[in-house]
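Novice: My questions will all concern the structure given below.
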């Protein structure tokens, strides 16, 4: 089997077996701790520009099917696994992981010590990495890798170019696409919403002209400070319409209200992150995928209050506006992959829109 190298910007490297596409690629190397859900993870637009390391030792054992994609065209730069299953077993399986990666033009590497790599990332933080042929000159690879700047316009790359509708007979929702997962749209469709998905740079005036019952801010990749267009829109919407944000939408909501965000050392990426609701003490296990978080101290003096925290590191996981019907969460209530413990948040959004219909927009 052809050999491939994963070189990190700190000089560490791993040599293993090539899987997927043969092309060379550079991205931010991160790790995901989920035991299942590799297909949804690879197709999640929030992973734009990243090389995903799966910590579970066997990936691909139930294959890949056409129904569980979170986006049609995956935006990941590469995939790292300990072992890629060659003979998947599942009645829904259509192609192997290796075949899928080749079809989508995603290079990968298998047969390396993913535990060692994960511990390195936990210690040093996320690092730039390059996947290339094992025969490449290591010094040249390292020099090239260190000279490359990772892109900062991720949302622009994954957002819809123009608005489109997903019809329903119920509430009219505008879903702002910062890299939305298909599962979020499906959750709204399940509740019979008429959803209009709009590009990331849609203005408040354009949204209000659609006369929706509520607005959702989607997940997405990268640093929220790279999306300044969103902040003025959020300020123009909150207080006029019910607002619900997820992941990147949560961070943008915080920035729009005067708080700050920061980059986590190695991020939260997995399906088993415990989150506590402060009002009730309820603890749920959540699906998460983010490299940035809201700075708790920066919320002092703003109109926002913390509603949820992450129990592993006590980072902010939920916010609500003190005056308006607007709330956000850092985690993924739509799951896929992961537990559906917090799926009820979509129902709370529906209730919020009912309150708006009765003319009571303040919290």
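Each residue, glycine too, has its Cβ placed from N, Cα and C.
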Novice: Among 21, 46, which residue shares the L-glutamine site with 220, 222, 248, 251, 289, 291, 292 according to Swiss-Prot?
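Specialist: Swiss-Prot names 46 for this L-glutamine site.
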Novice: Sequence gap of 6 or more, C-beta under 8 Å: which same-chain residues meet both conditions with respect to residue 289 (L-glutamine binding site)?
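Specialist: Expected: 32, 41, 44, 46, 47, 219, 247, 267, 268, 269, 332.
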Novice: Tell me, by DSSP, whether residue 292 (L-glutamine binding site) is helix, strand or coil?
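Specialist: The three-state answer is strand.
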